[in-house]
Amino acid sequence: MTNNQTLKAYLLLLPGLLPIIAFMSLVVGMAVSQSIGFFNFSGADQFSIQSWREILSQDQFWRAFLYSARTATLSAILSVLLAYPIALWLRRPFPGSDLISAMIKAPILVHGLVAAFLFVNFISFQGFLNVALVNLGFTASPMRMQNDTYAIGVVILQVWKNMPFAFLIIVGSVRAIGDDILDAARGLGAGWLARLRRIILPLTLRSLQAALVLIFIVAAGDYSFQAVAGPTSVNSLAQFMVRTQADNGANGWNEAAVVAVMLMGLSLFGSLIVAGLTQLAVRRMRR
Amino acid sequence: MHGITSSRTVWYRRLSIGLALAVFFFALALPFALAVLWSLVDPAHPWAYPAVLPPVLSLRRWLEVWTTSALPQALYNSYMLAACVSIATLLLASSAAYALGRMEFVGKSIIHLLTLVPLIIPNFISAIFFSALLIELDVYSRFLGVLIGHTVSLLPYAIRLMTVSFAMVRQDLIDAARDLGASPLTVFRTAYLPVIKPGLLAALIIVFILSIEEFAISYIVGAPDFITVPTILYSYLGYNFIRPNAAAVSLILVVPNVVLMLIAERLLRSADPAIVTGKG
């Protein structure tokens, strides 16, 4: 590897990499700067933590923060918990396994807003589920399930949409585990639970963590599912950020920037905590 | 004993496949069938509780959505934008994908990670503060704003897909073409192009689909003048929830994209150097 070749590689990387680095640093830089009073659309550009004080003293913000943290954690854990046994089941191909794989991956092709519409349409007051429940005699009249207070609908949608991603990430690492290792463990008397705890889980830990981190970030930044199917009494952080920017005039930019920085913090630290706790749990199980 | 175990395994698999089919039916097939039915509800005969099926089916709702809403304009905007985004993305991604797929250099793994940065920043943060940046720079063209936003946020997909394609090109084929005195253009045409073509087309299609589906940047940066199909769908799902219209727009958004994605998947599956070059 000569210096010349390295320089050539870097020059070739520029057209693709430069727009990404420039765009993302400008966008993140803009959010951070606006949160501390710079690029101010409503007054002089000067350092100020007024917007931070304003946002952090609002109950609505903290409700949105905890709501996003909770739904993201639940969605990530449930998606992985569902995807993992399916990935183990489909580890070795068998007649029909390709069909099942294709069916699991199908939700990836469905747009988030369309998924939210299909779900709302299914559970709405005069939707299929209510008509079926009434006609089968389970309930006397239709129930109100849409925009439920506990955000069960949002979590179902997140799991529905993100479980295929978790499956795709995990199935590769599960398939990569050699039969010889598992056969050796079986030969030494390890039952299926011991093999799962001491071999399969530790060897697939990285992909488990990758799936958890990815889904946590996507779910924490959710806007569409929350806006269409989420509870009306609370906002997600992304929804609160959009609302803050739109409703508060020129000041809205600075306050929305504070929410954006907190959302990025939640995505980064929340996903790292979830991944770290998973590592801890897998290590404990291994003992 | 072995016979009993294997027949039990077969039954267990059949049962599992049946269960998977049932889940698929309730989670995807049935909701889509209901969307099709809702899009066909005749406007003069509403489908209301407790009717299990719509009283009258017709295509009048589709005609109504087409003629009275901004859907034709949104479709034009979405597809025009997606075509521009896929070409721009491919032009920008090609050389980076070549470097990542075929060259060794210091910091390669870090650069791999850097190309994925747009995927880890929540879409609405990129959208809002990109629009703040456009205001700061006095750029008021909605189309240009959305084009730049989509291109940058979809670059990771194009770079990743094309890196894999470039990495699959066989060095012995390139060397053979060079040894026979082929010009750089001929080397590209004979050694590279047959292998990277499926990946290139797949990247083009996937970026095209993702641009049509992108909502955050189109909604925030494009508003209020530049309407796309997802922003129209969102308007039907908001405070004025118009279910039959939402059903029709949902199908318009999903069906062409599913067909395109299936083509992309086929192309990616065919991107095997052994098939293209005839060598194992």
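Positions of Cβ are set from backbone N, Cα and C atoms, glycine also.
The feature transmembrane segment is assigned by TrEMBL to B:21-41 (among others).
Marked as domain 'ABC transmembrane type-1' by TrEMBL: B:75-264.
Per TrEMBL, transmembrane segment is recorded for B:79-101 (among others).
Long-range contacts of the transmembrane segment (B:113-135) within the same chain: residues 96, 100, 145, 148-149, 152-153, 155-156, 159-160, 214-217, 219-221, each at least 6 residues beyond the stretch ends and with a Cβ under 8 Å from a Cβ of the stretch. Residues or ranges marked as transmembrane segment by TrEMBL: B:113-135 (among others).
As annotated by TrEMBL, transmembrane segment applies to B:147-169 (among others). For the transmembrane segment (B:147-169), same-chain residues at least 6 beyond its ends with a Cβ under 8 Å from one of its own Cβ atoms are 81-82, 84-85, 88-90, 92-94, 96-98, 100-102, 115-119, 123, 126-127, 130, 191-192, 195-196, 198-200, 202-203, 206-207, 210-211, 214, 217-218, 221, 268, 271-273.
For the transmembrane segment (B:190-210), the residues of the chain that approach it from at least six positions outside its boundaries are 82-83, 85-86, 89-90, 93, 154, 157-158, 161-162, 164-166, 168-170, 173-174, 176-177, 182, 257, 260-261, 263-265, 267-268, 270-271, 273, 276-277, judged by C-beta separation under 8 angstroms. Among the features that TrEMBL reports, transmembrane segment is placed at B:190-210 (among others).
TrEMBL lists B:246-264 (among others) with the feature transmembrane segment. Among residues of the same chain six or more beyond the transmembrane segment (B:246-264), those with a C-beta under 8 A of the stretch's C-beta atoms are 35-39, 61-62, 65, 71, 75, 201-202, 205-206, 208-209, 212-213, 229-230, 232-233, 236-237.
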